[in-house]
Amino acid sequence: MPLEKIDQLAREWLEEAGNRIFMSLEQSNIEVDTKADRNDLVTNVDKATERYFADKIAEHFPNHRLLGEEGYGEEITSLEGVVWVLDPIDGTVNFVEQKRNFAISLGIYKEGIGELAYIYDIIAGEFYFAKRGEGAFVNDEPIPALAPDKKLENALVIINTAAMRKFPQTLEVIRNARGLRLYGAATLEYMAVATGRADAYISANLSPWDIGAGKIIAEEVGAIVTRANGNPMVVTEKGDSFVASPGVHAEILRDYF
Ligand code: 2AM
Ligand code: CA
């Protein structure tokens with residue numbers, strides 16, 4: 001199956017899913033449930049969006065697998081074959097409370113290698129895309145490669161509160177940085193680093209669908225993506241995540257971890 005065909009259909013489905021999500025906000029027909037804890041939300045829109053992709057993938061690519069947050073895909077522990085890693089809505093709390101600052105996230109892996117990635121910030125009208133080896137784009141404009149040698153003292157850092165508790169040394173990182181920013185949607189925090197609006201993002205507990213697309217796009221512009229301790233980050237495993245431009249990544253690892 002050529003990647004061009006997968007790319008073409010993925011874009012069609014993302015556009016259609018984006019329109020449906022936009023309409024659901026316009027019509028205010030959003031039903032909210034909690035999952036693991038009171039801030040872990042899911043809505044009928046998250047579920048309907050993942051269901052839409054699950055049906056489309058099964059129809060067009062019956063031997064591809066879906067790894068999705070809401071469970072319409074399969075139990076997946078390895079990335080054999082072609083795997084669509086989907087978060088139908090990343091930033092569901094923002095979706096419900098702010099009606100913005102959320103995104104659809106889709107990464108497409110072939111034999112474990114990230115080939116295509118899409119993060120669609122519907123309300124901002126920003127469509128991030130990367131194809132392995134061919135660079136990253138936002139709305140078809142190339143995203144420039146990150147500066148390799150930025151210093152923490154000039155850096156904006158994104159560190160979520162769970163990471164502050166898990167890694168108390170991040171409070172020192174914040175003190176020595178130019179400032180702290182928080183967006184509340186892991187994929188958009190990855191894109192903040194990829195586009196240079198921030199220089200580092202550390203999060204304590206992300207799942208495959210939070211990082212599957214962001215990792216591909218961020219690496220394509222030269223960001224370094226690891227676990228907080230610098231170990232490689234395997235997309236199928238939950239855990240902490242540390243993405244930063246090269247100089248800032250090296251400085252934080254060397255001086256704080
Ligand atoms: P989600 O909106 O898809 O759940 C901020 O909370 C960021 O962390 C979001 O990207 C959110 O993704 C992610 N996240 C991962 N696990 C979470 C959890 N248990 N509760 C809330 N947010 C979680
Ligand atoms: Ca989600």
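Every residue, even glycine, has its Cβ placed from backbone N, Cα and C.
In TrEMBL, annotation is done automatically, which means it is predicted and not curated.
Site annotation (TrEMBL): Mg(2+) 1 is bound by Asp87, Ile89, Asp210, and the candidate from Glu69, Glu70, Glu74 recorded at this site is Glu69. Long-range Cβ contacts of Glu69 (Mg(2+) 1 binding site) within its own chain (separation 6+, distance under 8 Å): Asp46, Glu50, Leu86, Asp87, Pro88, Ser207, Trp209. Under the three-state DSSP scheme, Glu69 (Mg(2+) 1 binding site) falls in the coil class.
Taking the mean position of the Cβ atoms of Glu69, Asp87, Ile89, Asp210 as the Mg(2+) 1 site, the remaining same-chain residues with a Cβ inside 8 Å of that point are Asp46, Gly68, Leu86, Pro88, Asp90, Thr92, Ser105, Thr187, Ser207, Trp209. Under 8 Å, Cβ to Cβ, and six or more positions away along its own chain, Asp90 (Mg(2+) 2 binding site) finds Phe102, Ala103, Ile104, Ser105, Ile119, Ala185, Ala186, Thr187, Leu188, Trp209, Asp210. Between the binding-site residues Asp87, Asp210, the minimum number of other C-beta atoms within 10 Å of a residue's C-beta occurs at Asp210.
Within the same chain, the residues at least 6 positions away from Ile89 (Mg(2+) 1 binding site) whose Cβ sits under 8 Å from its Cβ are Ile21, Thr43, Val45, Asp46, Thr49, Phe95, Phe102, Ala103, Ile104, listed in sequence order.
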